[in-house]
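Novice: TrEMBL feature annotations, pasted as is:
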type    : residues                                                                      : note
BINDING : Gly62, Ser63, Gly64, Lys65, Gly66, Thr67, Arg175, Gly218                      : ATP binding site
BINDING : Arg88, Lys109, Ile110, Val111, Gly136, Phe137, Pro138, Arg139, Arg179, Arg190 : ribonucleoside 5'-phosphate binding site
BINDING : Asn143                                                                        : CMP binding site
Amino acid sequence: MWRRVASLSPLVSSSKSRILNQVGCGLNACQVFTTRVLNPAEGGVSDRRRNPFVTFVLGGPGSGKGTQCTKIVETFGLTHLSAGDLLRKEISSNSENGSMILNTIKEGKIVPSEVTVKLIKKAIETSENDRFLIDGFPRSEENRIAYERVIGAEPDIVLFFDCPEQEMVKRVLNRNQGRIDDNIDTVKERLKVFAELNLPVIKHYSKKGKLYKIDGTGSEDEIFERVRPVFAALR
Ligand SMILES: Nc1ncnc2c1ncn2[C@@H]1O[C@H](COP(=O)(O)OP(=O)(O)O)[C@@H](O)[C@H]1O
Ligand SMILES: O=c1ccn([C@@H]2O[C@H](COP(=O)(O)OP(=O)(O)O)[C@@H](O)[C@H]2O)c(=O)[nH]1
Ligand SMILES: [Mg+2]
């Protein structure tokens with residue numbers, strides 16, 4: 001099991017994006033995070049996985065969450081759970097929520113918490129690993145509260161890839177993965193939703209001392225060198 005209390009040196013270089021100014025989360029020299037408290041009334045995850053080490057990976061559309069998660073998995077061996085991928089699998093498996101999820105993604109809105117939290121819980125419970133990157137979730141305070149209630153725990157740490165909007169739009173429009181939401185209209189809506197609903201989650205975890213804000217500009221490798229010390233300090 002990884003350590004849950006760590007003292008880390010400055011990890012993050014700042015960028016001058018609008019988002020950084022809105023969030024106003026300080027780049028503290030030392031981040032301390034605390035042991036999570038399980039909520040027995042809600043049951044949490046099943047016994048075998050009662051106390052997983054969880055990192056939330058947040059950032060706007062195209063900020064590089066998925067790309068950096070792949071690198072973290074390769075180097076540190078966490079299991080990558082992309083909330084977007086879990087939802088897209090629901091669409092392709094023709095589940096009862098498939099068409100609702102498809103329409104929500106097309107519109108750049110947020111799928112109801114109960115649907116997403118259920119998928120994440122199941123993925124944690126069926127994994128052999130006890131360390132997870134939860135990528136692209138929670139996207140709203142409502143998501144966050146539902147997760148913490150159902151799982152019965154807060155995340156251990158939260159990464160936030162801070163990237164200027166113009167760069168995020170460029171990356172999304174060049175993503176080339178055939179995604180229904182990678183178009184200019186949806187990305188504009190997603191940026192609005194990110195600012196209105198996801199930034200409050202980032203602020204919340206900043207106040208709790210759990211946030212690592214990473215400059216999301218530069219090459220993939222340069223960004224990963226900013227991420228590496230976060231996990232290296234936990235081993
Ligand atoms: N540092 C980077 N510089 C340029 N392009 C990048 C960088 N990181 C990721 N990309 C590309 O940008 C697109 C969006 O990246 P992705 O990891 O899917 O972001 P997110 O999961 O945050 O939406 C992908 O096509 C990816 O290959
Ligand atoms: O917890 C989540 C994660 C994703 N989505 C939906 O799935 C889309 C794509 O999410 P993903 O994380 O795959 O996109 P990315 O930020 O990586 O471009 C989002 O715009 C939302 O419509 C959602 O509703 N809840
Ligand atoms: Mg992604």
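Every residue, even glycine, has its Cβ placed from backbone N, Cα and C.
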Novice: Between the two most separated Cα atoms in Gly62, Ser63, Gly64, Lys65, Gly66, Thr67, Arg175, Gly218, the residues recorded as binding ATP, what distance in Å do you get?
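Specialist: With Gly62, Ser63, Gly64, Lys65, Gly66, Thr67, Arg175, Gly218 as the binding residues for ATP, the largest Cα distance is 17 Å.
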Novice: Checking the spread of the ribonucleoside 5'-phosphate site as listed (Arg88, Lys109, Ile110, Val111, Gly136, Phe137, Pro138, Arg139, Arg179, Arg190): what is the longest Cα-Cα distance, in whole Å?
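Specialist: So the binding residues stretch over 21 Å, Cα to Cα.
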Novice: Going by a 10 angstroms cut-off between Cβ atoms, which of the binding-site residues Gly62, Gly64, Gly136, Gly218 has the sparsest surroundings?
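Specialist: With the binding-site residues Gly62, Gly64, Gly136, Gly218, fewest surrounding Cβ atoms within 10 Å: Gly218.
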Novice: For Arg179 (ribonucleoside 5'-phosphate binding site), write down the residues of its own chain that are at least 6 apart in sequence and whose Cβ falls under 8 Å from its Cβ; none is a fine answer.
Specialist: none
Novice: So, three-state DSSP: helix, strand or coil for Gly218 (ATP binding site)?
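Specialist: Looking at the DSSP assignment, Gly218 (ATP binding site) belongs to neither helix nor strand, so coil.
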Novice: Ligand 3 is in the model; which of the binding-site residues Lys65, Gly66, Pro138, Asn143, Arg179 have a C-beta less than 6 angstroms from one of its atoms?
Specialist: Lys65, Gly66
Novice: Return the members of Ser63, Gly64, Ile110, Gly136 (the binding-site residues) with CB less than 6 angstroms from at least one atom of ligand 2, or none.
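Specialist: The qualifying binding-site residues are Ile110, Gly136.
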Novice: By a 10 A CB contact count over all chains shown, which of the binding-site residues listed here is most packed: Lys65, Arg88, Arg175?
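Specialist: By the 10 Å Cβ neighbour count, Lys65 comes out on top.
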